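Colleague: Mind looking over this structure? Questions follow.
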């Protein structure tokens, strides 16, 4: 098919050849006339080609300094994010320093790249006339000149006979266009013309527009697994997953470097009583202590010296029963147990009922957090030794061998952009490129206008004189000849085009004032006005009522350890009291107050060991007996069997201090004693061995902000990673596979199992107070009610090890073994293996809230707020008159940054910028694909301390070191054999009291004894604390519908809603009354000469006479004056009419009007054809062809967009979905509204035709955008303010089944201009969502899927904005 331009060219060629043929015939019969007048001025030509791009502007001034970066991680989190810290880490973040002064202006940046070509400029003004060019070459020979002036008239000849009819004259100049005549009668149908010669094949046409999208094909066979794609770009950090289950207990790591000495720790839990060490030298006499309870009868002692008789003591008064003692403090938390097997997922329980608001706790004083001390070797905890004075720190250990290469760390936060470097030198000019391909031949130009008539030719030579004619006789004037035969009818011409508007007539007389017309019908609703300026700041509203308490939050991270309390002052040491004689066993009474101490009696003789008697019944409480006289010491009897334990007796009176007895034999190791009171400070012990590396302490306080560093050099550019397209967000992965089992650690001693501590009861939630200044970090809250099971998170990092549980109760004492032969001194045994950890203790009671911390420093400026909703397009204004040129404006501020240009050439290395502040922790990103092997890393940091080396050779004896800190309890020695009793020595004098010796090494644990006799039934224990909240029960049956609540008070007036869409066009109004007569038009200009009249009658006969009179009285006439009536020359007018009709049709195609009969292809075509038009509704036909399926759209000429409205534009507000159990995204159109998706129809166009037009619109555009407004009542649309995440955001469905989401791949995420639906306030709010893309196939939006719906009080409605293509 011929293109439009080809058709037009052929037509013009045909017409030109036809005119040329006619002209040649005319020239054969008529001589060329004189030069005609100059033609009228032609119409304005089309706009010229676009001007070349302007030169680049000068670089703008440097921008203002940016705001300070966000604060770094707090001290408490630094340790969690950096496991490589050694020793003391940095402290908590210091206060933010003041904002620095703006930096000096940077050097001007490098020249920017050439910007994109601008829009074609307006045609420039006609330039001044150029200088006169050089003379041209001689022209072609001119045409024949005009005929010379007529010669003198010859003598009059004889009247000749009437001549034949002359040839018709040349057609006259076209006359001015006449006013439109009445429609002529329909002409007869012409004969079909002969078939034309087959034309040459036309030039290949341009590529047609792509056809409609075909129906979706059947799914193909499953393809082979493709090669793994390139590594995708790192996704945005996902939200932090829940803390995973505690990992298995890892193997013991190598000992670390010695940590710095920590501060004094808290008083540790009571340890197991250690085995009795060998007896130390006798201590100083202590102050008299309070008598202890009566012990069991001891073995008879050796005979003592006879003491003096003591004075009889007064019987003590029986004390009243004491009040019950206060409740003991909860025990320390036990160690975390090994990870149990993963339980099966329980069914989701119903939401728990809201607890009552508790009273606000008293503020506790916030203590400074002490760094953790170095971790000691794990063993049985011995009794607290006397604290030695801290010795000097030992020398640092040798540097360990470098550790194995660590895994690559996470990307650090982006540093602050350094100052721009100086501008580099201009590079050398590039080599001239090869010549480009020659351009395509242009289309043939339109036929130029007809040239002006040539200049008159030279006068021709005079003709020969003719022969003398014979004188004729004067004839009579002849009669008028008959009219000629009627010419053949011409072909019916094309209907002439509509003539141009005639010149205005002369002003008419002023008419009478007409009657007032009838009131017109109301016009159509105007488009919404542009958004007004923001109103003044409103008065601050009163404080709202306190909202209901929120649901319990997620369980917080464990709080930092509290500071250790001040160690209590050591009590004064009491004198050990002597045991009184046991009284008779009374019945077990209530515990009385301690009686006064009785006087001490002399030691009795050692009696023989009697058999164990049966336990007597508890007797009544007896009166204290009179102190008996001391008996003489008896001989030592054999040891009897242990008797059953009698009931505790009443405390006896305090005895007098006895004299020092003989030194007894060294007894067997006694049972573990109770924990002793802290002793006095001992002398510093010898320096201990270097301790293992301590755990990393928490971050220390941030140092003051350092001065700004000088700019460093720019680092080398790293290797470019593969450009992977980021895939769509994957679902959260299942927990990762269990890691390989670590190497088996050395077996520890079997530690005693600690008792389970009581459960702390959770305090009730307090009422929400007004938001205070940021306090210091509080303790972890009680666990909330069990929520619905969330999606499976990724496996979290192993949880921290639990606190070691308190030691269990001591085992029963074993039987005394048989005495074996004395063995040789054995070697020191190796350290026993570490015992298994005790079960985890329960959470303690929630401590009181701390006092509110001081107000933190002002926060960094928040991120830029979301863009406001674009205002509704205003009504197109009428085109204003052209204004006068304005005064030259002042230089404007630098404009916004342009679109990012292509990457510049590599600049010189810039200076290293100051280290940026640590950014806030981002949400954990989704797992990326495994990256390629990175380049070899730099040398790692010093590795951990290696395993203990083999013992070296014995070195020389060093000098005595300064006394070190108290060393750890040594390993337990083996149980020695009992020595033979030595002979009793004579009593020596009492020696001076020596200093207290250091504690001896702990003996190894004895064999487990046989179980002792069953003790008496203990007192009933105190009521235990409440247990942990059980798992939610099975869902109960649905309760009956509650009675409707009372109507709440009217809410405050909501914000003004968005302007509604423009109303439909109003009906056409009734015709108005006939207006008054117009003013008479001005005098028209003189028309062209009319066609020549018919030939005149023959002239009168000449005068008779004998002379020759060749007088000629006819007027001269010009050759271009018509001499024949127009009816005789119809063919020229047909050609003229045809040409004009064709020209009008071509103009119509080239400059569409945007009407239904003459639609444009897109709004861009209309804007290019009519740049003076304003935005509004026009008709377009993207698929071209027949105009019956043209569609009416809104053309925004300011942006060049074509916008199509949805039908309907509003989804009404109601509770669309009732199901509070299922919480998932529900598609509004597909599921809720019965499969009715959003439609974009235009009146008079079917859905299929509209789909075709939309498909062409997408092909013709390279950019599309659309807005959706979600009006909500108690429904989250995007950000959930309570949780701070986007998990409840709505999903949109695009045209090609792509889902547009709130987070994930940036190509499929929408943006939010206004987010009012972030919390549930029982009021109507709105969220405006916008999606812009350079893939028009994704729009328009067809459906929306909210998640947070289903409850009785949740309603929503949707406004679907127009889809705009560009």
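A Cβ is built for glycine as well, from the same backbone N, Cα and C atoms used for every other residue.
Just lifted these from Swiss-Prot, have a look:
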type	residues	note
BINDING	1181, 1183, 1184, 1186, 1189	Ca(2+) binding site
COMPBIAS	225-254	compositional bias 'Low complexity'
COMPBIAS	330-345	compositional bias 'Low complexity'
COMPBIAS	423-434	compositional bias 'Low complexity'
COMPBIAS	470-489	compositional bias 'Low complexity'
COMPBIAS	538-547	compositional bias 'Gly residues'
COMPBIAS	594-611	compositional bias 'Low complexity'
COMPBIAS	668-690	compositional bias 'Low complexity'
COMPBIAS	738-747	compositional bias 'Basic and acidic residues'
COMPBIAS	775-784	compositional bias 'Gly residues'
COMPBIAS	893-932	compositional bias 'Low complexity'
COMPBIAS	951-974	compositional bias 'Low complexity'
COMPBIAS	981-1001	compositional bias 'Low complexity'
DISULFID	1163-1195	disulfide bond
DISULFID	1203-1364	disulfide bond
DISULFID	1272-1317	disulfide bond
CARBOHYD	177	O-linked glycosylation site
MOD_RES	23	pyrrolidone carboxylic acid
REGION	27-1131	region 'Disordered'
SIGNAL	1-22	signal peptide
Colleague: Counting all other Cβ atoms within 10 Å across every protein chain shown, which of the disulfide-bonded residues 1195, 1203, 1317 scores highest?
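Modeller: Sorting the candidates by Cβ neighbours within 10 Å, the top entry is 1317.
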Colleague: Given the binding-site residues 1183, 1184, 1186, 1189, state which is nearest to residue 1364 (disulfide bond) when distance is taken between Cα atoms.
Modeller: 1183
Colleague: Counting every protein chain present, what is the number of Cβ atoms, excluding its own, within 10 Å of the Cβ of residue 1184 (Ca(2+) binding site)?
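Modeller: Around residue 1184 (Ca(2+) binding site), other Cβ atoms within 10 Å: 11.
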Colleague: In the same chain, which residues outside the set 1181, 1183, 1184, 1186, 1189 have their CB within 8 A of the centroid of the CB atoms that define the Ca(2+) site?
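Modeller: Going along the sequence, the neighbours appear as 1159, 1182, 1185, 1187, 1188, 1190, 1253.
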Colleague: What Cα-Cα separation, expressed in whole Å, is found between residue 1186 (Ca(2+) binding site) and residue 1163 (disulfide bond)?
Modeller: 18
Colleague: Could you round the CA separation between residue 1203 (disulfide bond) and residue 1181 (Ca(2+) binding site) to a whole angstrom and send it over?
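Modeller: Pair distance, Cα basis, whole Å: 13 Å.
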Colleague: Give the number of CB atoms, excluding that of residue 1163 (disulfide bond) itself, located within 10 Å of its CB.
Modeller: 25
Colleague: In whole Å, how far does the CA atom of residue 1181 (Ca(2+) binding site) lie from that of residue 1272 (disulfide bond)?
Modeller: 38
Colleague: Could you say which of the recorded positions 1186, 1272, 1364 has its Cβ with the most other Cβ atoms inside 10 Å?
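Modeller: Per the Cβ count within 10 Å, the most buried is 1272.
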Colleague: CA-CA, which of the recorded positions 1184, 1272, 1317 lies nearest residue 1163 (disulfide bond)?
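Modeller: If we rank 1184, 1272, 1317 by Cα distance to residue 1163 (disulfide bond), first place goes to 1184.
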Colleague: Using a 10 Å radius around its CB, how many other CB atoms surround residue 1183 (Ca(2+) binding site)?
Modeller: 20
Colleague: Ten-angstrom check, please: count other Cβ atoms within 10 Å of the Cβ of residue 1189 (Ca(2+) binding site), all chains counted.
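Modeller: Total other Cβ atoms inside 10 Å, all chains included: 19.
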Colleague: Quick one: pull the CA-CA distance for residue 1184 (Ca(2+) binding site) versus residue 1272 (disulfide bond), whole Å only.
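Modeller: So the alpha carbons of residue 1184 (Ca(2+) binding site) and residue 1272 (disulfide bond) sit roughly 42 Å from each other.
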Colleague: Quick one: Cα separation, residue 1272 (disulfide bond) versus residue 1183 (Ca(2+) binding site), in Å?
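Modeller: Here the two Cα atoms are 39 Å apart.
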